[in-house]
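Residues or ranges marked as domain 'L27' in TrEMBL: 164-222. Taken from TrEMBL, the feature domain 'PDZ' applies to 244-323. TrEMBL lists 329-397 with the feature domain 'SH3'. Taken from TrEMBL, the feature domain 'Guanylate kinase-like' covers 454-641. The signal peptide annotation in TrEMBL covers 1-18.
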Amino acid sequence: MDATRCCLSLLLLSTCVALLLQPPLGTEGAPLEPVYPGDNATPEQMAQYAAELRRYINMLTRPRYGKRDKEDMLDFLEWGSPHAAAPRRDIFRALIDFTMPVAATNSETAVCLTAHSFAPAMQQVLDNLGSLPNATGAAELDLIFLRGIMESPIAHERLEETKLEAVRDNNLELVQEILRDLAQLAEQSSTAAELARILQEPHFQSLLETHDSVASKTYETPPPSPGLDPTFSNQPVPPDAVRMVGIRKTAGEHLGVTFRVEGGELVIARILHGGMVAQQGLLHVGDIIKEVNGQPVGSDPRALQELLRSASGSVILKILPSYQEPHLPRQVFVKCHFDYDPARDNLIPCKEAGLRFNAGDLLQIVNQDDANWWQACHVEGGSAGLIPSQLLEEKRKAFVKRDLELTPTSGTLCGSLSGKKKKRMMYLTTKNAEFDRHELLIYEEVARMPPFRRKTLVLIGAQGVGRRSLKNKLIMWDPDRYGTTVPYTSRRPKDSEREGQGYSFVSRAEMEADIRAGRYLEHGEYEGNLYGTRIDSIRGVVAAGKVCVLDVNPQAVKVLRTAEFVPYVVFIEAPDFETLRAMNRAALESGVSTKQLTEADLRRTVEESSRIQRGYGHYFDLSLVNSNLERTFRELQAAMEKLRTEPQWVPVSWVY
């Protein structure tokens, strides 16, 4: 009997805590208490009363009626015959006195404790409700009340833990739809324009992309466990560790492995990502090749490569495993700034294993274990291959003969050596163009970003190639989306000129001070007056929600190419000499231009365009040959629209 009362008390305590912690929503409109039919009622009347009592208890536990005051709650908990009301009132008074301070102190903590402490007890009592009526001391009315509380859906909702689930996993698509809707509102509302700018920020787009990845549960494979103890790896391999590996291949098919000689034996030096061996996962770096189809391989890696290349059908390799865990591919992407053909490289270990690429190609670096040769593949797909590492290519491009490696000159006694001395200079910002010519351009690490709006559009090209015409056409086509800066000058304004219309006028002393302070993107002097573009004026156009269109010198791109301005650099390339001369003649005949260019001017434009492309081509996101102004303008429009709909590859420094 004591055990039964203890169990009932525990359950009543848990349910009362759940009842007391209901949110306070008011006490009016409470359900009517069913009338007890009396001790002499028939079984049918008692069954009807039990059903009404259960509905009454379920109504009491609904959040609609809220948490009652102490005395008010005791009034609702009194029902049935008068002789049973007094002891029930005392029990509930004790329970309420115990639980009310907890609820008043910290309702959230109380809910947490109730859910974790009493949920198992609820389930246990529900499982044993069938046997409780036979227990000594259990009143029928108490059991009906207990069953009603325990079966109440509201009580179960209070005690069950809710798991948070993502509403959707395609928020990037939703943001693109919102941006399309905001495109029209942004012209009329500054708030909509500001919202569109925030939604297009790279950091916000990255946050949404991360949320979608977590919501769709697209996680990366966890890193491998730490490698074995090096001392263990140096231990001799037991004879029973020899394995036989079978591979099926066709004649001439490359396995995707290279070998090195180590201790007089042929060892797998690298496994090319995406190759046949890498896909099968049967061989690992460090494995020792002993036999091929029952024949010893010797110690010549070239002979082994030729043997494997010519083999066809089933190839059985006898190996001594290295027990080294393979490395997972790294998520490193680079943009190449030079052309590479492995067939013309005399340093590559295996020409067939090399990967050919051109300047501007995007590669994924999958292995950098070798200091001189990396493994990479094109982001568009395909097998991996060997490419020279950053260190190796820098050594090749920066190679300078030593002082003694000079050719002897005639007319000197005893074949003495002479030559030019090395030129030494310190870096000066005023001479940065000279240093840019000697900059080593190998690889640039990039990151893939969702579509977003660039803050600046930079048009680069030779003088007279049509940059200013394209800039003016773009601003006139959509003045709400594109804008430009107002240049500063130290000359006096003319009578017809107004401040901020065409030029901003400042004193020469003020302009020289700002130039020394680095506040100008570029500047120059013409007829004794200074002209320049202030960096703050670019920030002003961007702050207004527009793309700042600039036609600046190539040297200025180095300053703009930061996370603050995220420029889209377009190179306006000059056409060939004959096309350029025909364009100038057509402009004169139509009245668009009044200046006739000489042949020397035209050739100078073509040569300058080639020089800019050679020296600054690694900064360009797009190159357009301006052989027809209207066609070039349409191509520029299409490129700017594509930035809003397609992912972009940007320098990794803009993201991290």
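Yeah, the Cβs are placed from backbone N, Cα and C, and that goes for glycine too.
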Where, among 164-222, 329-397, 454-641, do we find the most CB pairs under 8 A to the domain 'PDZ' (244-323)?
329-397
Taken over the domain 'PDZ' (244-323), the model's mean pLDDT:
78
Residue distribution over DSSP helix, strand and coil in the domain 'SH3' (329-397):
14 helix, 24 strand, 31 coil
